[in-house]
Amino acid sequence: MSNTATKQNHISSYPKFIGRSLWLATEGSFGFYAWMTMLTAIFLVGANAWANQVAGGMVGTNMTDQVSWGLYIANFTFMVGLAAGGVMMVIPAYLYHDRKMHDVVIIGELLAVAAIVMCLMFVVADLGRPDRFWHLIPGIGKFNFPISMLTWDVIVLNGYLVLNLHICGYLLYMRFLGHRPNPVWYVPFVMISIVWAISIHTVTAFLYCGLGGRPFWNTALLAPRFLASAFVSGPAFIIVSMIMIKRLTGVTGLEQPIATLTKIIRVTILINLLMVASELFTEFYTGGSHASAAKYLFFGLHGKTALVPWTWTAIGLNVTAALLFLWSGILSERWRPLLIAACAMAFVGTWIEKGMGLIIPGFIPSTLHEIVEYVPSQLEWKVTVGIWAFGLMVFTIAIKTALPTLKQPSH
Amino acid sequence: METSKPSLPIVENFSRRAAVKGGFATLGAAAFVAAVSPLRQAAKNTTAAEFMQQHYTELSPEQKTDVIARLEAEAKEKHGVDVKISDDRPIPGTKFVYAINLSVCNGNGKCVEACHKENNHDRATNQSYIRVIEMPKGTMDMEQGSTTYTGAVPKDDKFYLPVQCQQCDEPPCVDVCPVKATWKEEDGIVVVDYNWCIGCRYCEAACPYHARRFNWKAPEIPAEEINPNQGYLSNRVRPVGVVEKCTYCLHRTRKGKLPACLEACPTGARVFGNILDKDSNIRWILENKRVYILKEELGTKPAFFYYFD
Amino acid sequence: MPRITSLIFVSLIASMVIAALVTPLDQNSDVIAADDESAPANALLAESATQAPARPKSPTYTVTIRRPDGPPRIELAGSDPQGRSGTVACSTCHSVRPPAFQNRNATTLDEFHQGMQFNHGTIACYSCHNPDDADSLRLADGTRVDYSDVMTLCSQCHGPQATSFAHGAHGGINGFWDLSRGPQVKNNCVDCHDPHAPAFPKMIVDFKPKDRFNMPHTDSDDH
């Protein structure tokens, strides 16, 4: 539309847009500065812990040759889900033409950006040799594509990041220029991103379920389960974010999207529970050695019970959240705190189920049926919390950048 | 860390706010640099040459010579030992296969110890590529076994199952590696380029035999205990943060010698050889004994066989 | 069975011949295969093999089966007036004593070999020992066998083990798998099995990998 006429303008106006966005993003109340300072401090603690881990070797973690992935990969898996969960706003907005959702869909896309950034950070944190990260770069390094599922994950995650950066960047830039966004420049990418969102979590599930030596993961249900839980955790996070945005910034028009997302969770959380139940039925009714990881997870094995409290907490939270979501009253303004609590329960429940409840028991018992337990070390917690703090910083800044768009609906 | 927080008056004074923001940004950047300062220590341990080093299969003969000279010099500097690092290539017409006679193995663990010494494993952890499982007679279910058994062996109601890398013909660990840092060579040995591995440990997750080990810290070995006869793809002292595995002692076997674990076995349970040689011991065993492989249902096609007399 | 025995026999003879070619006079020496190329015994073997004029073309090294030194010698109880002790051959006594063919254990003996433990089936002493020549052994068919050829004797009952041994599937091996690159040394039956109580002894496990968090019996010192 206007791309040829304003071509020379972009070279000067785009940096202006970036500068303006940064300026806006760092503008705020005392509460905002306190929040950002706190996140910075936590992030710095995490950065320091990670630097120590690189300098001293990963002996500072509690991972072992038996449980060779731990808290980092658990969080990575969960964050991929969170990134994919944003698509639950995109689908109503673009496929069902929900105008209200369309107006605020950028929240979901920005969440995807922040979550993918966190994913990449968790992967780097898990590397024994982050200095050799360049070996993973196609062309310069040696990229084992398409054999290694991890290379697929590198592609889909970075692709999803670029897609969402483009979509959000384009919409915000057009807003900055005062132009009407040209659908040609973003709608096709939005459509691709819907498929892509499914792919990131499918590929991440394939990382695990393709491993024949790990019976606990080696199930065709893993990818659907990942998606179902992603569509719980993502919307849950967005609902709470929208409630906060409404309270703190006075953005209007969020009620209907909140209701839509609540209704989505109402279904997805039940699908997720159904899939977990199917998994458990197969494991326990069949029995045998292949069920030992599930036995360990739920009841402990040979007196080792480190994960039992985690998993029952997750089950408790998920079931309670599912019941709360089923109750129609949860949508009323009166019960807002209850909705937040239900979202928090679903979020934490999913986090445990996909992290400590899925990644860790894949390694216990080990392939030689040794039972080596795993509890994250202090260093691992520091790095993890640091990455979460950084992700929240990215999300906060991104939302702040988008506030003008959110405050003036397009019609 | 920036914990002190002045209350910011809301003044629409651009330059002043810019100065305050700039100040905090600088403070944050400085705090970040301080936080990650331990990385400088780590950077000291990695030379530019090591950082830039190409994948093993892409090194020219001259580059290989340089790399090996550098590694030998590093060994001298770090451990005070004169080591000889060889670059043993597969012998044409060779495919290595291992077999263990479980009727004879008594679980004494001498192979575990020999591996530990031969392959320059970290001393404090007693690291080794071999795990021996004590199994109750009457089952093949590893779930019933134990690797932490001690005392006098063999126990009457038990048999012993040593497990190490099976050098699979369909190795899942090789498939999953995102950077091709591990591959299968012509003689069947699955090797790791310790200077290319990024330490993601996906291969550890993929291996059904617990054959791979990660260097959670840099191995520590007293100078006098370091085995100076080293191989680039096998028993040289590994760097921190990379994965390693059994190579059937390729620095020995590609010179025609027997693996260290076999020589150490006091019961003679271990048999090693070239399956392509029809007169070899291993061939006779495969043709005349009832052999089985571990976790056959996974389709990994191990080059490691077990049998009972 | 005769095929197996003859196989063993031929391989024994062959190895003796080759050993005679490549080793110095003392052919009963305990050649322990050194895994280190610099070990003198191995180097000597390797050198003499490559220079052996009889096989100039083939670089094939030999498989040496370790052998006992010969008939056991009995330590004298006391010493002579000069303080010298000594050993005597079995035949010193046994040539003048009539053999007790039925004897199976030490409890029936009134002197010598007292306290010896036997746990080798229910065979009698003279199932293996030679009543006609106490410094040698005897096969079931009456053939005399030198102590250094004890494996021939063992093989007459333990055929499957002998077959496995011949194919490297029984008994310890050291040295080279590839005989074009170096020699191999194999254990003798009696290296591992006491002929009077041949069951392989129990051993104590003294080396275990110390995994963090996988040590039910000892404490962790790493990390």
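Each residue, glycine too, has its Cβ placed from N, Cα and C.
TrEMBL: automatically predicted annotations, no manual curation.
Per TrEMBL, the feature transmembrane segment maps to A:30-51, A:71-97, A:104-125, A:145-173, A:185-206, A:226-245, A:265-287, A:307-327, A:339-364, A:384-403.
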Proximity verdict for the transmembrane segment (A:30-51) and the transmembrane segment (A:384-403), three or more C-beta pairs under 8 Å: yes
Recorded stretches the transmembrane segment (A:384-403) and the transmembrane segment (A:265-287) touching, at least 3 CB pairs under 8 Å: no
Stretch contact, the transmembrane segment (A:185-206) with the transmembrane segment (A:71-97), Cβ-Cβ under 8 Å, 3+ pairs: yes
Within-chain partners of the transmembrane segment (A:71-97) [C-beta distance under 8 Å, separation at least 6 from its ends]: 61, 104-105, 107-109, 111-112, 115-116, 118-119, 122-123, 125-126, 157, 160, 164, 187, 190-191, 193-194, 197-198, 200-201, 204, 226-227, 229-235, 237-238, 257, 260-261, 264, 268, 350-351, 354-356, 358-360, 376, 380-381, 383-384, 387-388, 391
Same-chain residues at least 6 beyond the ends of the transmembrane segment (A:145-173) whose Cβ lies under 8 Å from its Cβ atoms: 14, 17, 21, 80, 83, 86, 106, 109-110, 112-113, 116-117, 119-120, 136, 138, 181, 185-186, 189-190, 192-193, 196-197, 199-200, 203-204, 206-207, 210, 398, 401-402, 405
Positions whose Cβ lies under 8 angstroms from the transmembrane segment (A:226-245), at least six residues beyond its ends: 77-78, 80-89, 104, 107-108, 111, 198, 201-202, 204-205, 251, 254, 257-258, 261-262, 264-265, 268-269, 271-272, 275, 336, 339-340, 342-344, 346-347, 350-351, 353-354, 395, 399, 406
